[in-house]
């Protein structure tokens, strides 16, 4: 068997030139910044960012030009398969993943509250007293100083608001990252923890295209709408958060679901809003009012009409707003609606 020697020069020539952009902790304008160091692969041939990880062929490939960026890719996932959450929990041999929604990122340990041994048997009274003391000191150790206590309180408040609003996990992670960024830059001083947490959650909702209005967040938080809006503008400026105006289309699925409207109405409303956007009818107008008017028009056209009062209650706007937006959309888009 012939073995060829490989020099350092040959190794350098064979290396793939992959541009890696690592997100800096102070750059919070990118909506995909979830981890402290997140890698982004860019094709060295065409410059595309559309990169596919093909684990079957063990390759990283550019979707646009087909250039193979890396070979012999290792799959770092588990070797077992699970088809539901119960199987996944049963077969997993590691703890929970790291998360930014816990003040210590979920890396510390917790002593179980059940007074049982590894065989499931009850432990003695002496052991129970010892475990009680250990649990007490464990709680104290996890939160060592005032800054950690404040962070733990803020993240619990953030999680409480998110639970009330039914927000998904990625929104909570984004909000936690934004709040930690505000703490690192000293933006909390002189402001309430609840206000900054609510503002971070509002920014995360807009970033993840899961829109919630300031009124909705203020209703479940301990601060008013005015303070949340003022704090949101402040942290957006200081953290360099650039967010596009909220698209009315993003509100349609939620409003249609709450009104129990069929999918045809939702699709029709989205079509109306897309045409309105092309003609500039959504600029300078509240996205919730425009979305509510489009849903009202679509429900009438599809024969599943909802009253203006019903739509207004769900969207959090007045009936006058719906009528004004309704007139604009029907006149400029030549929609014939028979009431």
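All residue numbers here begin at 1 and follow the chain in the order shown.
Any Cβ shown, glycine's included, is placed from N, Cα and C.
Note that the coordinates shown come from a computational prediction; the quantities given were computed from them, not determined experimentally.
Taken from Swiss-Prot, the feature Zn(2+) binding site applies to 43, 46, 62, 65. The repeat '1' annotation in Swiss-Prot covers 156-239. Residues or ranges marked as repeat '2' in Swiss-Prot: 250-331. Here Swiss-Prot flags 39-70 as zinc finger.
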Helix-strand-coil residue split for the repeat '1' (156-239), DSSP-based: 62 helix, 0 strand, 22 coil
Which same-chain residues, if any, lie at least 6 apart from residue 43 (Zn(2+) binding site) yet have Cβ under 8 Å of it: 49, 51, 62, 64, 65, 67, 69
Sparsest Cβ surroundings (other CB atoms within 10 Å) among the binding-site residues 46, 62: 46
Within the predicted model, mean pLDDT of the zinc finger (39-70): 84
Other residues, Cβ within 8 Å of 43, 46, 62, 65 Cβ centroid (Zn(2+) site): 44, 45, 47, 48, 50, 63, 64, 66, 67
